[in-house]
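If you check TrEMBL, you get these features:
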ACT_SITE  Glu80  active site, proton donor
ACT_SITE  Asp213  active site
DISULFID  Cys276-Cys308  disulfide bond
ACT_SITE  Glu322  active site, proton donor
ACT_SITE  Glu347  active site
BINDING   Thr433  Ca(2+) binding site
Amino acid sequence: QMMEHAWHNYKRYAWGLNELKPISKQGHSSNLFGNIQGATIVDALDTLYIMEMKEEFKEAKEWVEKNLDFNVNTEISVFEVNIRFVGGLLSAYYLSGEEVFRKKAVELGEKLLPAFNTPTGIPWALLNIKSGIGRNWPWASGGSSILAEFGTLHLEFVHLSHLSGNPVFAEKVMNIRKVLSRLDKPEGLYPNYLNPSSGQWGQHHVSIGGLGDSFYEYLLKAWLMSDKTDEEGKKMYYDAVQAIETHLIRKSSGGLTYIAEWKGGLLEHKMGHLTCFAGGMFALGADGAPDDKTGHHIELGAEIARTCHESYDRTSMKLGPEAFRFDGGVEAIATRQNEKYYILRPEVIETYMYMWRLTHDPKYREWGWEAVEALEKHCRVDGGYSGIRDVYHNHESHDDVQQSFFLSETLKYLYLLFSEDDLLPFEHWVFNTEAHPLPILHKDDENKEENPK
Ligand code: DMJ
């Protein structure tokens, strides 16, 4: 019902545009996608499919066939377009088998290739998909590319090669790996900024939240998606987790485990909502953890889930802030006004979903249900769902944006949290960072294709 409300209002007020403004009941455009249109449609395709909203899936598919157009003179974020559009199209293809999605995914992948034309092959953040001219965000440490952006192309690009028969996509992302694995890492940590021309790190700022997050996620998932054959991805992931544990993970005096940020060797005792995805990641990676550390990684996931739940529970609205702190006498509470907002993000519910699947502890469903009730009470409006400006207030001030990831991630992870484990089982699927399921490329399947008998 929540998906129906989000979708039908998008359809009514913003059909074909990127996102919905649920209060003003009109379209919302973000410059992340330039003039590419229909972000909500493409991001929501697989959610509609999984929820068996057949009519809606059909109309979304028809829109993609007739209107999704990449022949536009526009500058886009390579990362955002990859995770939402390429990821969304790939999942829609794998779930439905409809050729149009495969074709569009490969066509868009080809448009993104000029982003890799840098001296090192580390891609630009921004790309004009007509001219092929790229550049980096002007604010990013002396012209650097961003770890979470260039490190979050791997899964989709491996699938693009798989589906197109063209090895170029996989080669581009394997080269990113090569550049990273050759570089010295301060204390074994990966700074968020890397200059694509010099191949040197920018500012030594390390984060498992914004600017760093999904790079770590994709190391683990690349290994899982390769049917556990990608030993390099595996090693890089577990080595990184080791360094994160040593240098970033701390326990508050009240007993809450959190992941701090690292700035040139100094810790900032702050954790972002984005960082909360790491609970699910640690638990998902527990199985392959070296040195008998499986139980330890599950426990780490459980502790992060508990801390993130506390960040929700300690607000008036029972929805978590964008960032919360463990200093100045507070724990798991936002202290700065500009960190008190909630924009319908999925990471905490994502972690509940992984923890539920991997432990079946009923508290994760209880916590997920608390989030449902809070979303219904505070974010649901006549025209859809809106973010909130301050989750510590008693009265909502809505930000008037229904983010496309609310449909692709937040609602999908909630649905999976309350479904049986055989819906998109982890043995066969990994989720990209926008919650788009991609099939594991099983060793046996490859043999079958090469030698069907
Ligand atoms: C999504 O686009 C993805 O989950 C990304 O990895 C981080 N930001 C948003 C959701 O918060």
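In case you wondered, yes, glycine gets a Cβ from its N, Cα and C as well.
Recorded features from TrEMBL, shown on the structure.
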residue : record                    : Cβ within 10 Å
Glu80   : active site, proton donor : 21
Asp213  : active site               : 25
Cys276  : disulfide bond            : 30
Cys308  : disulfide bond            : 29
Glu322  : active site, proton donor : 20
Glu347  : active site               : 23
Thr433  : Ca(2+) binding site       : 24
Euclidean distance between Cα atoms of Glu347 (active site) and Cys308 (disulfide bond), Å: 9
Contacting recorded positions for ligand 1, chosen from Glu80, Cys276, Cys308, Thr433 when the Cβ sits under 6 angstroms of any of its atoms: Thr433
Where Glu347 (active site) sits in the secondary structure, as DSSP reduces it to three classes: helix
Glu80 (active site, proton donor) and Thr433 (Ca(2+) binding site), Cα-Cα, nearest whole angstrom: 10
Cα within 10 Å of Glu347 (active site) - qualifying recorded positions among Glu80, Asp213, Cys276, Glu322: Cys276
Glu80 (active site, proton donor) and Asp213 (active site), Cα-Cα, nearest whole angstrom: 14
Cα-Cα distance linking Glu322 (active site, proton donor) and Glu80 (active site, proton donor), given in Å to the nearest integer: 19
Three-class DSSP secondary structure - Thr433 (Ca(2+) binding site): coil
Alpha-carbon spacing, Glu322 (active site, proton donor) to Cys276 (disulfide bond), which is rounded to whole Å: 10
